[in-house]
Amino acid sequence: MTLMLPVMPTNWLMGALVFSVILLMPTAVYFAGHSALKRFPKLFNALHWLFGAYLIYVIVAGMVTLLVS
């Protein structure tokens, strides 16, 4: 944890920027995979489950970080 302290955001605006980058990069991967995996229904459904789980994890981790810090 001490190795991450210099990298951690120091204000709310920087925290919002980091949070948006964490959400935008996987969203780009999701949309690319969304068009590529339409022909494979099981992988297509797995992509939705993985992205949904990732979004829930990121939102919960972000809220916990904001509330605890």
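Including glycine, each Cβ sits where the backbone N, Cα and C put it.
Residues of the same chain lying 6 or more positions beyond the ends of the transmembrane segment (12-31) and with a Cβ under 8 Å from any Cβ of it are 47, 51, 54-55, 58, 62, 66. Under the heading transmembrane segment, TrEMBL lists 12-31 (among others).
Long-range Cβ contacts of the transmembrane segment (43-68) within its own chain (Cβ-Cβ under 8 Å, at least 6 residues beyond either end) map to 15, 19, 22-23, 26, 30, 33-34, 37. According to TrEMBL, the transmembrane segment annotation covers 43-68 (among others).
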